[in-house]
Amino acid sequence: MTIKSMRRAYQVVKTVLQYGLDDLIPAKLKPWYFRLLRWSFFWLTNQHKDKVGGERLKLAMQELGPVYIKFGQMLSTRRDLLSDEWAEELAMLQDRVPPFDSAIARAQIEAELGAPIETYFDNFDDTPLASASISQVHTATLKSNGEEVVLKVLRPNVEEKVHADLLLMTQSAQVLETLLGHGNRLRPAEVVEDYRTTIEGELNLKLEALNAIKLRNNFIDSGALYIPKMYEEFCFTRLIVMERIYGVPVSDRAALEAQGTNLKLLAERGVELFFTQVFRDNFFHADMHPGNIFVSTEHPEDPFYIGLDCGIMGTLTEQDKRYLAENFLAFFNRDYTRIAQLYIESGWVAADTDLVAFEQAIKVVCEPMFNKPLDEISFGHVLLELFRTARRFDMVVQPQLVLLEKTLLYIEGLGRQLYPQLDLWQTAKPFLESWMAEQMGPLGMAKKIKKQFPYWTDKLPELPELVYDNLKMGKNFVNSQNQLLDRYLKQQQKAHKSNYLLITSAVLVICGSILFSQNATLWASYACIGIGATLWLLGWRSRPKNRKF
Ligand SMILES: Nc1ncnc2c1ncn2[C@@H]1O[C@H](COP(=O)(O)OP(=O)(O)OP(=O)(O)O)[C@@H](O)[C@H]1O
């Protein structure tokens, strides 16, 4: 431990004690060394007894600086872990940081460029346009064509500071975890680990630029989202250069109204954009706070979003996406058995989970949601409640899903703020249904076959064994006594049969295509493709029917 890190540790302990955060740990969980710590710092008394826990934590984080402020902001989105009051307090943390010296910014930029700023840029403004915890933003114009750009540069020594704070956080989280016991729902070590991934991603600006380029390309023809152009030749780990944008911050409702923005359309586009990013592109902006989203100023009747700061992006596996879509559809069909099955099938909860108890718990939290009109139900809230319930059944944390749930909650909140009558279900349902239909239909099958072709040719020799194991598992499963399980198993069997037919048909079509491409006996290739197509039809028809898509 260096002198610097010891000083920082002292500062953290001092703040924790001054804000009485140690009081928040129940006395019976406090070991002797905790009390000793408190006695040895007897002059540091809790000066904030009058304030509630969440507020004290917020003030302490504010005092500890940017890394803790960002941590608090992230924590505020973990509503599956925190109570709503605590989350609301932490959400108020503001990331306002004084700018750093522009001479330092210049030196840093020139070090990355390997040349004086004037070699490539004119009109570099020494007064920053914005200054945040990780970086600072300056405006300039490109020497080559006069285009307006912004230069985003990392704060000096920010990596060192973040890593020092992270180390301390990790150690404190481990102590806390031991005190609280492993079964505790707060899981501090996991939360800090989650934060580490997020903040470390933000320390690499090149990564942010690459994400922005990808997202921009995904929406290049869209009238709903614009991502500023990145100048790749000037993008490095500590510096990126992008097109300057002008827009109204999305949180500035008064300005949006003043310019006559069609708020209904804007709100609907927000929800659509989210589902497009998740389900079509599998690449979604996961840091959607108001400072990162602007609204276009031209053509207010046909507004679009402008997205900045693509440091944190989320992706889901194909399987996660399918389970997620099914999850929503099952919820709106009030099919709680199906939801419970989905959590087990996907592996989010263990296979030996008590299905009946799980289904019951899901029903208890979901059913009251239908007391509201359908259009007021929030997808994010549904997911949040389902995750909270699943956690009680030891759901393994899925960081990608937590990221998704947070983004969804934010997008819906934003949509409602812009247009309180926003009908979330009507906006999202057609999208989900057509996605599911496409996935399960012939086009989706063809796409999957094409994508999986190299993998299947590799796995072809193992296929009979896999199919046999699969069927055997299904058969063993059927022996269960439970009535509910029986229903589930029948469905499983049907699904296995259908999968078996579909897999065999795919194999035959692939074999036929290989024979055809190698100019082998044509009749054999036609026969393979013909039989394959017939089996596919049979498999398709024998799918379990009570899945409503
Ligand atoms: N291309 C741009 N054009 C105009 N303004 C920009 C641009 N990029 C960033 N800004 C301004 O700089 C601010 C900070 O940018 P950005 O969010 O990218 O920084 P950050 O360090 O990642 O901040 P945080 O992580 O706290 O969101 C934005 O809120 C916006 O006001």
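Any Cβ shown, glycine's included, is placed from N, Cα and C.
Fair warning: this is a prediction, and the values are worked out from it, not measured in the lab.
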> So Swiss-Prot lists Leu129, Ala130, Ser131, Ala132, Ser133, Ile134, Ser135, Gln136, Val137 for ATP; which of Lys143, Lys152 goes with them?
Replying inline: Lys152
>> Of the ranges 225-245, 498-518, which one does Swiss-Prot flag as transmembrane segment?
In response: 498-518
> Which recorded positions from the set Ser131, Ser135, Val137, Asp287 come near ligand 1, judged by a Cβ under 6 Å from any of its atoms?
Replying inline: Ser135, Val137
>> By the count of other Cβ atoms within 10 Å, pick out the sparsest of the binding-site residues Leu129, Val137.
In response: Leu129
> Apart from Leu129, Ala130, Ser131, Ala132, Ser133, Ile134, Ser135, Gln136, Val137, Lys152, which residues in this chain have a Cβ no more than 8 Å from the mean position of the Cβ atoms of those residues at the ATP site?
Replying inline: Pro128, Val153, Arg155
>> Considering each pair of residues in Leu129, Ala130, Ser131, Ala132, Ser133, Ile134, Ser135, Gln136, Val137, Lys152, all listed as binding ATP, report the largest CA to CA distance in Å, no decimals.
In response: 14
>> So if I measure Cβ to Cβ from Ser135 (ATP binding site) and keep only same-chain residues at least 6 apart in sequence, which ones fall under 8 Å?
In response: Lys152, Val153, Leu154, Arg155, Val158, Leu205
> C-alpha of Leu129 (ATP binding site) to C-alpha of Asp287 (active site, proton acceptor): distance in Å?
Replying inline: 20
